[in-house]
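**Student:** TrEMBL lists Gly92, Gln93, Thr94, Ser95, Ser96, Gly97, Lys98, Thr99 with the feature ATP binding site. The compositional bias 'Polar residues' annotation in TrEMBL covers 965-976. The domain 'Kinesin motor' annotation in TrEMBL covers 12-333. Annotation comment: TrEMBL describes 957-995 as region 'Disordered'.
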Amino acid sequence: MSAEREAPGEDSIRVVCRFRPLNDAEERAGSKFIVKFPPGNDDQCVNLGGKVYMFDKVFKPNASQEKVYNEAAKSIVKDVLMGYNGTIFAYGQTSSGKTHTMEGVMGDPHLQGIIPRIVNDIFNHIYGMEENLEFHIKVSYFEIYMDKIRDLMDVSKVNLSVHEDKNRIPYVKGVTERFVTSPEEVFEVIEEGKANRHIAVTNMNEHSSRSHSVFLINVKQENMENQKKLSGKLYLVDLAGSEKVSKTGAEGTVLDEAKNINKSLSALGNVISALADGNKSHIPYRDSKLTRILQESLGGNARTTIVTCCSPASFNESETKTTLDFGRRAKTIKNAVTVNEELTAEEWKRRYEKEKEKATRYKAKLEKAEAELNRWRAGESVGQEEQVNLRDPMDVSTVSVDLTPVAPVAPVLAAAPAAPLARADLDAERERLYQQLDDKDEEINQQSQLVEKLKEQMMEQEELISATRRDYESLQQEMNRISAENESAKEEAKEVLQALEELAVNYDQKSQEVEAKNRDNESISEELAKQQSTLNTIMSELAQVKDSSAHQRRKLNDLLTSLFKDLNEMGIAFGADLKPSLQPFDPNSTKSEEEFAMARIYVSKMKSEVKNLVQRCQTLESTQGECSKKVDESERELVDLRLLISQHEAKMKALQENMKEVENKKRQLEETVDSLNEECAKLKAAEQMQAVSTIDKAAEQEQALLIKGALEQQLDQHREAHQKQVATLRDEITEKQTVIEDLRDSKRELTLIHEQLVRDFDRLKLEESDKSHKLQELLTANERREQARQDLKASFIFFLHLVTFKNLNVLFSQGLEETVAKELQTLHNLRKLFVQDLQSRVKKSLSGEEPEDGGGSLAQKQKISFLENNLDQLTKVHKQLVRDNADLRCELPKLEKRLRATMERVKVLEAALKEAKEGAMRDRKRYQYEVDRIKEAVRQKNLARRGHAAQIAKPIRAGQHPHQAANQPPAISTPSAVVVPKRILTPGAQQRTDS
Ligand code: ADP
Ligand code: MG
């Protein structure tokens, strides 16, 4: 494939100039803004120190990124998509705004620089183009530092070489090319490259000011209809700072670096000067890699824009001047720009026809010329008009088209002039030397890559060696430890062997014993068989019993539930927290053990309650005693009071008698008064009679008067005495009556008290009887509970016996397990029955009911006794077994201890062995891994010599929506556009595609 250039169009390099604002440092240093922008002139002039510079565009400090892009870079997008090469590079001293101009703030719509804007624009253009165009876009990103090209997409490529393709166009050989289908992918590449750049260097600022970063976008398009192919390369270069070394204050190696960098920049200056001088005989592109890469951009086939970035500060005046001079010189350079078009077969054919025609014409002409020459040689003279016209203009134009690549041409004519021959020789020699130089470059590149890889490998190997050494040491230690352990283990093994021998002897004994035991066991098993048969009969009986018991159970259940209810109530009455444990009794429940346990808990709670009750009873008894004492006392008091009452009654009787006597006396006295009154009346009558017979009887009268007076006196005396006596008697009576009243009152009181006491006594008696009754009740309840508890205990013990028996049986003979299990099941059932029976009995005894069906309980009793007998037999067997077991067990611990020690030792040894093995495995793996890695590295190296890994082309189509393109895998186009599937291109092929 070869590209042909159409008639090249002359195109000067565009140079724009951008001034940034004064920065903080400059303002702080008091620098002045020294540039002037003369008005008018379409922003193309700048005045520095009185000198006016003209550029294609001058951007003032306030020019926005967008403005700079639109006016300096935007047109290049179309050019590139039309098949032209393009270059934009930023030149200027450090911190003059080169990176700001080229990259800006990525992702910021206002502050992003030229590169992101161009990338977005390219894709937007493509999306707006005809549908039958297919694009392949690939990008590369590298930097040039100290004249070494470092791939920013692959850090292992540290010194890439520049080669020329067959069209003599230089390219960076082996640089990573990434196919991209969207701006985002491009930005990812840039980010990745930047990250790699940061990783490789310590001081990024310094590094970026001393290295050139180159971002290359390669756009290829193919018209799917006429197979017309166009390609355009766009170099976006952020150059190193153009300042003089002295200004950076660099020293030593840094100085060397700076010189080297400045060397590449000065090479750039030289190239531009040579181009500007018009002396195109030799342009020193080969002085540096930078100039070689930019060869096409400077004086070659490319539309080039140089952005010179300047500081407006007085401090930087000289640098700004140098920059402006550089720009001015560059502006004079003329490039010859052509479209990079790849010809189709049709066109090639046409061209071939044309050339063929030309060749025939040449042939004819040559024949004419030869004929003329022959005539001349023959001594003829040929006339002017007959001579072949060698200055034919057609001939000149045809000569200029030379399809054969330039190659050393051997001189054909000895008579040819010497100077052009020597020149051709020299050119050829130079070409050869250049070729050699390129080859050497390539070799250097390969060697340096190899060196990098080897260095890495060395480091890894060293690490590996140190790791291995460490491992070896640790393994040695481990070995020592293990061998020591091995020794001790050997000794232990000996001991263990001895012990094992002993054990073997013991084992023989034991096996004999075991045989004996087995025999015993057989007899026991026979016995068991017998038992089994009996059990079977029992089972059948049991079935009958079950029927009866089911009925009983129901009853029992009712009873138990009522009992539990009672207990519950009792619990509630006790106020203790027994309630939660009580559940209604469920005879069908299989969780009898649980229930028993519950019941046990309940009973124990009850016990504690009963204890409480007994205590309370005791206190009640003591209070009762006190009460009875009190009652006795009150009785005694009552007796005393009764005595008192009887005394008082006697007294009253005496007093009444007294009163009667006094009454009698009174009556007597009244009778005497009456008799005396009668006598008086008699005497009056007698007086009257005597009055009749008075005169004679005056003496007598007087006498009678005297007598009368004496009598009256006597009477009065009597009366007085009588009255006195009556008064005293009356007094006495009233006295007595008051006494009687008092006594009566006291008597009434006493009777009241007595009644009260009697009532109290009755009440106390009643209380006492009540209490004693209650006590009696509690005692009976307690007894009942005690009884129930004992029963439960008995059943529990029975159960335990059974369990131990079962365990022993299991221990003794595995074969018997099943039968024993069955037996146990039956026993368990029997136990249940037994327990139920017990419960029913308890219930009955508690409720004081008469046994309802005496026949049933009798049968049960018989069964129980039978079962008890069975139990006894079993217990005997069990005891025998336990004894045997104990004998065996006595010796067991000793042997077990030994065995355990041995086992532990063996385990420890095993673990140590395992560890050692694992360590060895790990080491082996690591070695294996290392070997694999080295192998892989060697393979990679070989591969690198042969060529690089394949890459997948990501064709994108014009007319596709960006989102669609982003959402769909880029290689798969819409159905109408499925033309080019994923293509696998080898880098060699890729590199040649654009040539
Ligand atoms: P260089 O790449 O030439 O060394 P930078 O692009 O890194 O310089 O710019 C140095 C500083 O000046 C940065 O902080 C940048 O943001 C600022 N700067 C450069 N040019 C402009 C401008 N035109 N407007 C505003 N700030 C700028
Ligand atoms: Mg920079």
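Cβ atoms here come from the backbone N, Cα and C positions, even for glycine.
Unlike curated records, TrEMBL annotations are generated automatically.
How about a rundown of where these features are and what they're close to?
**Tutor:** According to its DSSP assignment, Thr99 (ATP binding site) is helical.
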**Student:** Excluding Gly92, Gln93, Thr94, Ser95, Ser96, Gly97, Lys98, Thr99, which residues of the same chain place their Cβ within 8 Å of the centroid of the Cβ atoms of the recorded ATP site?
**Tutor:** Arg20, Ala90, His100, Gly241, Cys309, Ser311
**Student:** May I ask which of the binding-site residues Thr94, Lys98, Thr99 have a CB within less than 6 Å of any atom of ligand 2, listed in sequence order?
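**Tutor:** Near the molecule: Lys98, Thr99.
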**Student:** To see if you understand the setup: which same-chain residues, six or more apart in sequence, place their Cβ under 8 Å from that of Lys98 (ATP binding site)?
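**Tutor:** Looking at Cβ-Cβ distances below 8 Å from Lys98 (ATP binding site), excluding near sequence neighbours, one finds Ala90, Tyr91, Gly92, Asp238, Leu239, Gly241, Val307, Cys309.
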**Student:** What does DSSP say about Gln93 (ATP binding site): helix, strand or coil?
**Tutor:** coil
**Student:** Which one of the binding-site residues (Ser96, Thr99) has its C-beta surrounded by the most other C-beta atoms within 10 angstroms?
**Tutor:** Ser96
**Student:** Applying a 10 Å Cβ distance cut-off over all chains shown, what neighbour count does Gly92 (ATP binding site) have?
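**Tutor:** Taking every protein chain into account, the count is 30.
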**Student:** Please average pLDDT over the domain 'Kinesin motor' (12-333) for the predicted structure.
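**Tutor:** It averages 88.
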**Student:** Within 10 Å of the Cβ of Gln93 (ATP binding site), how many other Cβ atoms can be counted across all chains shown?
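**Tutor:** Total other Cβ atoms inside 10 Å, all chains included: 24.
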**Student:** Under 8 Å Cβ to Cβ from Gly97 (ATP binding site), same chain, six or more residues apart: give me those in sequence order, or none if nothing qualifies.
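**Tutor:** Result: Arg18, Arg20, Cys309.
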**Student:** What is the total of other Cβ atoms whose distance to the Cβ of Ser95 (ATP binding site) is within 10 Å?
**Tutor:** 19
